[in-house]
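Novice: Under the heading domain '2Fe-2S ferredoxin-type', Swiss-Prot lists 4-96. Feature annotation from Swiss-Prot assigns [2Fe-2S] cluster binding site to CYS42, CYS47, CYS50, CYS80; the stated evidence is experimental evidence.
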Amino acid sequence: MASYQVRLINKKQDIDTTIEIDEETTILDGAEENGIELPFSCHSGSCSSCVGKVVEGEVDQSDQIFLDDEQMGKGFALLCVTYPRSNCTIKTHQEPYLA
């Protein structure tokens, strides 16, 4: 099973940390396992509480049902159903910017 280095960043929240997450663990679960508290609500990809923005790298969020193609094209990802597919950098706490 492959594992990837996932860098989580957010200046306002004073977050800049890199954690290792395997390809079968969501980014939200990987963060929680490493003691990083990120916002969430449904844990099923049907709301926007956990939305982040992929700055660099590849992810799989095919299980999500909330974001439209335009939002995903801008890099937004629901971290509760997003799996790393490469080393990546993700801005956390992005719900206010989703509009």
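The chain as shown is numbered from 1 upward.
Even glycines carry a Cβ here, placed using N, Cα and C.
These numbers come from a predicted model, not from an experiment.
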Novice: Identify which of the binding-site residues CYS42, CYS47 has its Cβ surrounded by the largest number of other Cβ atoms within 10 Å, counting every protein chain shown.
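Specialist: Most Cβ neighbours within 10 Å: CYS47.
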Novice: Count the Cβ atoms, other than its own, that fall within 10 Å of the Cβ of CYS80 ([2Fe-2S] cluster binding site), considering every protein chain shown.
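Specialist: Around the Cβ of CYS80 ([2Fe-2S] cluster binding site), 25 other Cβ atoms lie within 10 Å.
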Novice: At a 10 Å cut-off from the C-beta of CYS50 ([2Fe-2S] cluster binding site), count the other C-beta atoms across all protein chains.
Specialist: 26
Novice: Restricting to the domain '2Fe-2S ferredoxin-type' (4-96), report the mean pLDDT as a whole number.
Specialist: 97
Novice: By DSSP, what is the split of the domain '2Fe-2S ferredoxin-type' (4-96) into helix, strand and coil residues?
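Specialist: Counting residues per DSSP class in the domain '2Fe-2S ferredoxin-type' (4-96), I get 17 helix, 32 strand, 44 coil.
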Novice: If you take the centroid of the Cβ atoms of CYS42, CYS47, CYS50, CYS80, the listed [2Fe-2S] cluster site, which other residues of that chain have their Cβ within 8 Å of it?
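Specialist: Sorted by sequence, the hits are LEU28, PHE40, SER41, HIS43, SER44, GLY45, SER46, SER48, SER49, PHE66, LEU78, LEU79, VAL81.
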